[in-house]
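Encoded as structure tokens, the structure appears first; notes follow it.
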Amino acid sequence: MKSTGGSSDAKRRAGEAAAEGVTDGMVVGLGTGSTAAHAIRALGAAVDDGLDIVGVPTSFASRELAIEQGIPLADLDEVDGLDIAIDGADQIVLESGNCIKGGGAAHAREKLVAAAAEEFHVVVDPTKVAEQLDHTVAVEVLPAARTGVEAAVEKLGGEPSLRRAANKDGPVVTDNGNLVVDADFGGVDDPAELAASLSAVPGVVEHGLFVSYASAVYVGSEDGVSETTY
Ligand SMILES: O=C[C@H](O)[C@H](O)[C@H](O)COP(=O)(O)O
């Protein structure tokens, strides 16, 4: 999985700490990204040791890793809710637990899985922690809606930019066959209001603002992990 900077030891500590909260019989959302990957690996090791869980992956990449780790899997529509989802974030405010996700363009399925879970546990390294959300907001859009969504983002005070692929000419295409517009709003004063405004734009499939989703945040560091609960 792609890495986004930050110490991999810190990410590993956060991921492993969150995985420790998973117990027999749980249905577990498996997040996407380099930090969530550590949780998936830790869960894979626990499954090897007899832990009985079912994982619900949030992306092609997390599914691939979970299969490699031998974690039994189900699709979201095959389970009757989830006990917990463990996932990373691009930026998080600890006071509220509000965060921005979608650096790997997986935020639409990640939000579906988080919404279906009783607990949403976010795993990050200290570089992700901020006083105010000011990271670009990933907006997954239907391809035909791109220009309309870009205009709507500008009306909301943001600067839109189509996410382009690194190893292909042209745009990033999500696991759902859509495009991603990264919207720079600078500092977000009211994340709930912006989230609602973005959700109301025709053609927006999902955006990366996760407002009031987190029930716990694990911040790994060089020498330990701190946990904040909500
Ligand atoms: O779309 C990707 C996800 O929202 C990731 O969870 C997020 O980008 C954080 O990834 P990482 O742990 O690699 O920084």
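Note that Cβ sites are derived from N, Cα and C of the backbone, with glycine treated the same way.
What TrEMBL records for this protein:
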- Glu110: active site, proton acceptor (ACT_SITE)
- Thr32, Gly33, Ser34, Thr35, Asp87, Gly88, Ala89, Asp90, Lys101, Gly102, Gly103, Gly104, Lys128: substrate binding site (BINDING)
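Its own atom aside, the Cβ of Asp87 (substrate binding site) has 32 Cβ atoms within 10 angstroms in the protein chains shown. Note: the Cα of Glu110 (active site, proton acceptor) and the Cα of Ser34 (substrate binding site) are spaced 14 Å from each other. According to its DSSP assignment, Thr32 (substrate binding site) is coil.
Residues within less than 8 Å, Cβ to Cβ, of Lys101 (substrate binding site) and separated from it by at least 6 positions along the same chain comprise Asp87, Gly88, Ala89, Asp90, His107, Glu110, Lys111, Ala138, Gly208, Phe210. Cβ contacts within 10 Å of Glu110 (active site, proton acceptor), excluding its own Cβ and spanning all protein chains shown: 30. The DSSP secondary structure for Gly103 (substrate binding site) is coil.
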